[in-house]
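Participant: Grabbed the feature section from TrEMBL, which reads as follows:
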BINDING   A:C65, A:H69  Cu cation binding site
BINDING   A:N469, A:A470, A:I471, A:K472, A:D516, A:K532, A:T547, A:L551  ADP binding site
DOMAIN    A:349-586  domain 'Histidine kinase'
DOMAIN    A:614-731  domain 'Response regulatory'
TRANSMEM  A:20-41  transmembrane segment
TRANSMEM  A:53-71  transmembrane segment
TRANSMEM  A:83-109  transmembrane segment
Amino acid sequence: MEYCNCFESPWPADELLMKYQYISDFFIALAYFSIPLELIYFVKKSAVFPYRWVLVQFGAFIVLCGATHLINLWTFTMHTRTVAIVMTTAKILTAVVSCATALMLVHIIPDLLSVKTRELFLKNKAAELDREMGLIRTQEETGRHVRMLTHEIRSTLDRHTILKTTLVELGRTLGLEECALWMPTRTGLELHLSYTLRHQNPVGLTVPIQLPVINQVFNTSRAVKISPNSPVARLRPAGRYMPGEVVAVRVPLLHLSNFQIHDWPELSTKRYALMVLMLPSDSARQWHVHELELVEVVADQVAVALSHAAILEESMRARDLLMEQNVALDLARREAETAVRARNDFLAVMNHEMRTPIHAIIALSSLLQETELTPEQRLMVETILKSSNLLATLINDVLDLSRLEDGSLQLETGTFNLHSLFREVLNLIKPIASVKKLYVTLTLSPDLIEHAVGDENRLMQVLLNVVGNAIKFTKEGGISICAFVAKSDSLRDPRAPDFFPIPSDNHFYLRVEVKDTGSGINPQDIPKIFMKFVQSQPLATKNPGGTGLGLAICKRFVNLMEGHIWIESEGLGRGSTATFIVKLGIPAHSNDSKLPFLLKVPGNQIKLNFSGLKVVVMDDNSVGRMVTKGLLVHLGCDVFAVASGDECVRAVTSEHKVVFLDVSMAAVDSFEVAIRIREKFSKRSDRPIIVALTGNTDRTIKENCRKVGMDGVILKPVSVDKMRSVVSDLLEHGYLVESQ
Amino acid sequence: MEIVGQLQKQFVDFSTSLYHEGFLDEQYLQLQKLQDESNPDFVCEVVSLFFEDSEKLLNNLATALQQQVVDFKQVDAHVHQFKGSSSSIGAQRVKNMCVAFRNFCEEKNLEGCLRCLQQVKHEYFLVKNKLETLFRLERQILEAGGTVPAIA
């Protein structure tokens, strides 16, 4: 076959295809060799690739494929047998590896796919966790807000501030448009708008408490979403805007009685206030759960804070009330004191002013009686005298009684002769008794001591009164007076069961019974006898004498003497017995019975008793000291005179019988000296008698002397006789019965 | 003797005048009573002691009142002493003056005190004079062989 003689292309025409194949194979081989390289490169770069050996396998597969294609290049032309063998080997290997790889991929691809799904899953989870964390953060913030709110609310005890603060803080925390508090009215039938956040002055809006929406809120402790159109939420005139969501919660108003000591308060209270919270109207905000929880917690806290404020208010009110009462009481007391003082002043004035004219009348009438008078004149003068005497007695009685009543009367104590007191009373009433032809007997028990310590005058007054009454109400027969020492069994009077007289070493109880054969007393009247101004038999007898005060006064005196007085009578016409028991002191010196004799002995015998009597005189004034010493020396004492307290305490021994301390000494405190001397001698028998000499008539000096334990006080200037009697008194009694 | 009688009369008149004019009081009489055989010069001794004491006190008072800052408590203490001794003797006018003096001391009235001091001094010297006269008369009577009459 011979064609044209045109150019001879290197390649024959049907070899063009072969040419393209040849180029393609070349590029394939190139690509196939570079892919593994790329793979290795990138895998080396990445940190994690779990399937290395797969990669190796894949690499081998690709390399071999590439090798195959490469070797293919040589097969286009005539090739030797070696090439064919190499080609065949390569192809066989490639076949093996590619089959192996294909089989492997079956396992691997699902795995790889699942990795992808896991990745998606993890991403989802991460998103969820993110959301949850957002929630927790919100909750924590809410908690913080609650704490802050609580702190604000509880930091004040003023009710108004608490509520205002609550609204303000809530408004701020939750970004509220409006927040309002409705409080129940006193009647409990309505809710009254008390506080709002934005409105400055809430008008007196009230809603009845029985609205369904309100009941709904009150029945649960949770915050409840309510409609913005309900009456409690309609706080401002309806605007153009959509009102935001509204929530209402109840605030329990706890009473004090709700708090039990160890339990938490039961929410059994019936009273609630209503808190209404409104979100801003234009926002799309909704109430979130955590916000509702916040509101509930705050409502509870407000309840507690309010109760605290209420408790505080109560206690402040109670305290104010007490203070007021105190002031009033003080005023009343001062008024009473003023009244008492005014009365005392009045009495004092009356005393003097009224007694003076009366005494004048009595004195002049008595004088008049002595002159020459006609019988009618005499009668008139006698009447005048009797009336004025009566008046005088009346004034005295009233004065005495009022003094007795306010307790300002004090008994005067002194030693007196008991026996002679009775005799004197006897002598006073004998004339009257004999005029009425009544007998009077006096029996003094033998164990009744001669001398007693007590108020002689008042005892005489009591005795006279009782005896006088006996005589007054006796028309015939007589009276008998018995006096004896009351023994313990006889002391108890069944009619005075609370009177338990207890005799002791220093005191005894004198019992006097005055029996009369007179008109007697109706047993029913007996309790009234000792009452003021009540007279027995006001109508029966014509004995209008007396004020009716006598027995009342007697009773007072007897009570002051720690005793008891009573009257027994068997009835009208059967006579009566008046008995009184009084407490009298026993004079301290045991040689009581020798007293009268000693006192009646003439002066020189007493001097004999003094001779050699060792005494100490303390006076810092040399002149005074010398005079006192001289005085005592003149009386026969053995005097040791000292000028200072120390010297005195040093000098006093148990031989000295008396120590005279000058109390007007400026430098030394004589009281201290007295105390030191007493301390020096513990046994009473060793101790000398301590007497104070003072020119000061102040009562307090006497009191102070008594307090430090001095045995007596002598007022300067001292005369010889005074000193003599004082010293004898001292030696006999061991103390001075009266300050001389 | 005549002279004795005269002296005695003089004595009695003088003593009585002292009592009447208030220079002496009861206390002086008491002092007289204390004088007896065992203690014959009692009154004289006491009076001399009084004179000594008073001179000292008056000096102290003058010093105390001349201080820059007068210690009224101290002055009062001295006056108190003086009052004590004058009342023990029976020097009535001196004692009364002391009472007034003490009031001024309490008021811390320096001028009043100074005035009182002068007055007290005056009274003291008066009574001292009188007592010295009295003792002189007594001595004269005793020297003349008489006995001193007792004033009731």
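Quick reminder: no glycine exception, Cβ is built from N, Cα and C everywhere.
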Participant: Tell me the residue counts in helix, strand and coil for the domain 'Response regulatory' (A:614-731), as DSSP assigns them.
Facilitator: 53 helix, 25 strand, 40 coil
Participant: State the count of C-beta atoms found within 10 angstroms of the C-beta of A:C65 (Cu cation binding site), not counting that atom itself.
Facilitator: 22
Participant: So how many other Cβ atoms are close to A:H69 (Cu cation binding site), meaning within 10 Å of its Cβ?
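Facilitator: Counting Cβ neighbours of A:H69 (Cu cation binding site) within 10 Å gives 21.
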Participant: Using C-alpha atoms only, work out the spacing between A:C65 (Cu cation binding site) and A:I471 (ADP binding site) and round it to an integer in Å.
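Facilitator: Cα to Cα, A:C65 (Cu cation binding site) and A:I471 (ADP binding site) are separated by 168 Å.
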Participant: Are there residues at least 6 beyond the ends of the transmembrane segment (A:20-41) whose Cβ is under 8 Å from a Cβ of it, and what are they?
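Facilitator: Contacts of the transmembrane segment (A:20-41) (Cβ under 8 Å, skipping residues fewer than 6 from its ends): 55, 58-59, 62-63, 65-67, 69-70, 72-73, 76.
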Participant: Got a sec? Which of these binding-site residues, A:A470, A:I471, A:L551, has the most Cβ atoms within 10 Å?
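Facilitator: When each Cβ's neighbours within 10 Å are tallied, A:A470 tops the list.
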Participant: Could you state the whole-number distance in Å separating the C-alpha atoms of A:H69 (Cu cation binding site) and A:L551 (ADP binding site)?
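Facilitator: Rounded to the nearest whole number, the Cα-Cα distance is 160 Å.
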Participant: CB neighbours of A:D516 (ADP binding site) within 10 A?
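Facilitator: Taking every protein chain into account, the count is 26.
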Participant: Which of the listed binding-site residues (A:N469, A:K472) has the least company, meaning the fewest other Cβ atoms within 10 Å of its Cβ?
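Facilitator: Output over binding-site residues A:N469, A:K472: least Cβ neighbours within 10 Å is A:K472.
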Participant: Could you pull the average pLDDT for the domain 'Histidine kinase' (A:349-586)?
Facilitator: 79
